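A.B. asks: Before we start, here is the structure in question, set down as structure tokens.
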Amino acid sequence: MVRRAPGASLALLLWVTAVSCSPAGPGAATARRQDEAFSTARLTSRCLSLQITRISAFFKHFQDNGSLAWCQNYKQCSKCLEPCKESWDLKRNHCQSFCEPLFPKKNYECLTSCEFLKYILSVKQGDCPAPEKASGFAAACFESCEADSECSGVKKCCSNGCGHTCQVPKNLYKGVPLKPRKELKFIELQSGDLEVKWSSKFNISIEPVIYVVQRRWNQGIHPSEDDATNWQTVAQTTDERVQLSDIRASRWYQFRVAAVNVHGTRGFTAPSKHFRSSKDPSAPPAPSNIRIANISANNDGTVNVMITWDLPEEPDIPVHHYKVFWSWTYSKYVIPAKKKRRKITDGPQNYVVLEGLQPNSNYNVELQAVTRWGQIRLKSAKVSLHFSTTQDNRNNNEQTSVEKPPKGVVDPYPTFQRRKPTRFLKIGTPFYQDNQLQVKIYWKKSGINMNQFQVHSLLESCTHNDTKGLEKVTELTYENYMILKDLSFSCKYKVTVLPAKSKSRFKAESIFFVTPPCSTFKEKTHKHINCAAEEVPVLPKVLAKPENLSASFIVQEGNITGHFSWKISKAVLHQPMTGFQVTWAEVTTESRQNSLPNSIISQSQILPADHYVLTVPNLRPSMLYRLEVQVLTTGGEGPATIKLFRTPDLPPFLPHRPHLKHHPHRYKPPPEKY
């Protein structure tokens, strides 16, 4: 779990979710997870880059973790981030199927972002070399690959003029940020959290840089890379530090960091030195959900009872063994300890069979977990279970803890016979209605007996001074949703939903959200909304617009390079100009069923204010391209100037040599990413 770093006003870390679920071996699965972490970071960088002028209006430096928080709560930017939030097999499903249920009306940002993510998941960094440059095995005339994923390492599936082979790309790291410095600094805070810090080398990237942080660990007296877990992504952040709260004593941790932007990455730093917490490990948690799994009768009239429980998820030290005590009881008065019987089970085992119990009798069972830390034994609190071997009462078993009051009726079925409930707590897009800011929160019901819910909303903080004293509101509902009303602008809220019946075994679920600034609604709805409480002023409108868009093309060695230029009139510049945002896309001729325009994913680049020319290599021949240029100023972006250009045909190529393997379609190298 990641907590807010001290001193950061708006800290947010984006957790990575899996985007593909194709089966593979352990090594391939690890490589796939790494590629997906990089891909989602590239997508995040792209989304922040597209909103860079709006971000700069709120933050002095867009390379700030607050920009991620802003992006998640700004409507257009949050739509752009949506594909990397959800677990979705983008390789097998259409982006339209993903985005339209989330945004039925305006889903352009989600769709283009989804298409971009699909593209970078399938196409590796770098450009294919010219076909005539292939040599050795790479020049063999047969189809040895169809996609980049079939090639090892950084190699790409490229044409050699008579086939496709895996080749080392050119321009592998063009526009890609440098690796962070390999020295990582660890600070163990009094709270037990661990702060990991790093520093970056000179950054050649104008786009926002996302840092992907991974860790692995081993358990034992000494650090060991051979016994360590696989690398796992713990966070993505634009800051040069991360604060982790789930650090366990007795574990040896290693970390590594990669710098990623929209163009790609140079990979991770070397593994850090090992870190182990200085605090002593905690005793194991008390066993949970102890219950009867089975009762069976023996030929001699005695009864065997199987007791089962849930294993702890992640104790500081793995459980070495469990102690099980049981005795006959009368009216829940326990027999003296010297008459108790005892068994010991191994730590990985979550059941025990009590043999030879008397029928029609009451029994009490106590269970305790034990771990070993050197020569010290750490013991959990005991939990107890009262049950009867009477046939009619076998489902009426009560579980209690020695240190806690009874918890009610125990589920008589083992874990593998029950389906654990899952609920999804989600926040809709805030809206302004009836002169007040509102938001809809909804969830999935998990049981037929869960008819009424308590909804607690807590105002935690605001960017302006009007915090209203951290107010808390509690409401009841019979529905699986609730609309929270009379919210404040630019404020952070915590919402907790739980069943109204206190005896339910389902735990409460919480979610945080930040309301947008007042100016967002005032600009869109033109309603009379009082925004005096907000400190962020409404930016003046930018009128500057690029003029005389023109294009020239150079054909060399089978590649088409486009040079796009424009002019700007200084007379209409009322704010200092910071640069240009240039977006281009390949336009198709087929019609589409969704709301996307007839183009593939758009690609963008931010240019400095003194650059009036953009060079784009690897354009496709005889293809229509859409060019869009906007002026960026300190007051925001100006209107876009749009023009269509068609690339020239390629000259006749070398005679086609025979294939050893035929495919109905040819692989076409995609345009270079910017």
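The backbone N, Cα and C atoms fix where each Cβ goes, and this holds for glycine too.
Keep in mind it's a predicted model, so treat the numbers as computed, not measured.
What Swiss-Prot shows for this protein is this:
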- Cys47-Cys71: disulfide bond (DISULFID)
- Cys80-Cys99: disulfide bond (DISULFID)
- Cys84-Cys95: disulfide bond (DISULFID)
- Cys110-Cys114: disulfide bond (DISULFID)
- 121-170: domain 'WAP' (DOMAIN)
- 180-281: domain 'Fibronectin type-III 1' (DOMAIN)
- 286-392: domain 'Fibronectin type-III 2' (DOMAIN)
- 388-402: compositional bias 'Polar residues' (COMPBIAS)
- 388-413: region 'Disordered' (REGION)
- 418-515: domain 'Fibronectin type-III 3' (DOMAIN)
- 545-652: domain 'Fibronectin type-III 4' (DOMAIN)
- 655-674: region 'Disordered' (REGION)
- 656-668: compositional bias 'Basic residues' (COMPBIAS)
A.B. asks: Among 180-281, 286-392, 545-652, point out the range having the most Cβ pairs under 8 angstroms from the domain 'WAP' (121-170).
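C.D. replies: The listed stretch sharing the most Cβ pairs with the domain 'WAP' (121-170) is 545-652.
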A.B. asks: Just to be sure I understand: of Cys47, Cys71, Cys84, Cys114, which disulfide-bonded residues have a C-alpha no more than 10 angstroms from the C-alpha of Cys99 (disulfide bond)?
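C.D. replies: The disulfide-bonded residues close to Cys99 (disulfide bond) (Cα within 10 Å), listed in sequence order, are Cys114.
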A.B. asks: Between Cys110 (disulfide bond) and Cys84 (disulfide bond), how many Å separate their Cα atoms?
C.D. replies: 10
A.B. asks: Suppose you look only at the domain 'Fibronectin type-III 2' (286-392); what would the mean pLDDT be?
C.D. replies: 84
A.B. asks: With every protein chain in view, how many other Cβ atoms are within 10 Å of the Cβ of Cys84 (disulfide bond)?
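C.D. replies: For Cys84 (disulfide bond), the count of other Cβ atoms within 10 Å is 26.
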A.B. asks: How many neighbouring Cβ atoms, not counting its own, are there within 10 Å of the Cβ of Cys71 (disulfide bond)?
C.D. replies: 24
A.B. asks: Measuring Cα to Cα, how many Å separate Cys84 (disulfide bond) from Cys114 (disulfide bond)?
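C.D. replies: Cys84 (disulfide bond) to Cys114 (disulfide bond), Cα-Cα distance: 8 Å.
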A.B. asks: Given the disulfide-bonded residues Cys71, Cys80, Cys95, which lie within 10 A of Cys114 (disulfide bond) by CA-CA distance?
C.D. replies: Cys80, Cys95
A.B. asks: Taking just the CA atoms, what is the gap between Cys71 (disulfide bond) and Cys95 (disulfide bond) in Å?
C.D. replies: 21
A.B. asks: Between the Cα atoms of Cys95 (disulfide bond) and Cys47 (disulfide bond), what distance do you get, rounded to the nearest Å?
C.D. replies: 17
A.B. asks: Counting by DSSP, what is the helix, strand and coil composition of the domain 'WAP' (121-170)?
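C.D. replies: Helix/strand/coil tally for the domain 'WAP' (121-170): 12 helix, 11 strand, 27 coil.
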A.B. asks: Determine, to the nearest whole angstrom, how far the Cα atom of Cys47 (disulfide bond) is from the Cα atom of Cys80 (disulfide bond).
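C.D. replies: About 6 Å separate the Cα atoms of these two residues.
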A.B. asks: Determine how many residues of the domain 'Fibronectin type-III 4' (545-652) DSSP places in helix, in strand and in coil.
C.D. replies: 3 helix, 62 strand, 43 coil
A.B. asks: Count the Cβ atoms, other than its own, that fall within 10 Å of the Cβ of Cys95 (disulfide bond), considering every protein chain shown.
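C.D. replies: Excluding its own Cβ, Cys95 (disulfide bond) sees 23 Cβ atoms within 10 Å.
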A.B. asks: Just to be sure I understand, if DSSP states are collapsed into helix, strand and coil, how many residues of the domain 'Fibronectin type-III 2' (286-392) fall in each?
C.D. replies: 5 helix, 65 strand, 37 coil
A.B. asks: Across all chains shown, how many C-beta atoms besides its own are within 10 angstroms of the C-beta of Cys47 (disulfide bond)?
C.D. replies: 27
A.B. asks: In sequence order, what residues of the same chain, 6+ apart, have a Cβ less than 8 Å from the Cβ of Cys80 (disulfide bond)?
C.D. replies: Leu43, Arg46, Cys47, Leu50, Gln51, Cys71, Glu109, Cys110, Thr112, Ser113
